[in-house]
Amino acid sequence: MSGTALSKKDLQRIFEKLDKNGDGLVSLEELNCLLDGIGVQFSPQELEPLVGKPCLNMHEFLSFCDSISNHSVNGDIIEEEEEEDDDDDNDDDDEDDLAKAFEVFDLNGDGFISCEELESVLGRLGLWDANSGKDCRSMICFYDTNFDGMVDFQEFKTMMLHNISS
C-alpha cells in the first residue's frame, strides 16, 4: 500500500501543531517528538541524514511523512524493495500493511479497535480533541457491521479499502 494513511489535510494540521512558534518550519526535535508519539524510534543521529536539514517546511514535511510511511516497519527503516508484477505478492503485502496498521490502533492487542483506542492514537497524532469524541464513535458505528461497538480486522480492512478507492 503506497502513500500515507493520513490525508494531506491531516498532515497539514499535524504540521501546524508541531510548528509551535509559527515560523512555518518544524525542527528535528519537534519532528522526533511526533515520531516518538506514534512509536517510530529514531535517534537524532539517525533522523538528521533522513531529513537532510535541521528544519522542514510544509512541503518537505509532507514528503518526509510519505517516505517514512512507505519505508518503515515497526519503527525500523527498511530498504525499498523492487516491486514485482506478481499480483498475489502485492495482495499479500497489502494485507500485511493493513494488519500492521490495525495493530497500531489495537492498543491492547485484543483484535478489536474500541472508541477509546481510536481516540488515544488520534490524540497522539494531534488529531483528536474533546469535540472529536463523537466523530470517533460515529466512525466506529459506520464500519461496525456486526454491531459489537468495536472494529475488528475485517471491518478495518473494509474501511481502509473503501477510503483508498474513494
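Even glycines carry a Cβ here, placed using N, Cα and C.
Whatever TrEMBL says is automated annotation, not expert-curated.
Copied over from TrEMBL, here are the features:
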COMPBIAS  77-95  compositional bias 'Acidic residues'
DOMAIN    6-41  domain 'EF-hand'
DOMAIN    93-128  domain 'EF-hand'
DOMAIN    131-166  domain 'EF-hand'
REGION    75-95  region 'Disordered'
Using DSSP, break the domain 'EF-hand' (6-41) down into helix, strand and coil residues and give each count. 21 helix, 2 strand, 13 coil
What are the DSSP helix, strand and coil residue counts for the domain 'EF-hand' (93-128)? 23 helix, 2 strand, 11 coil
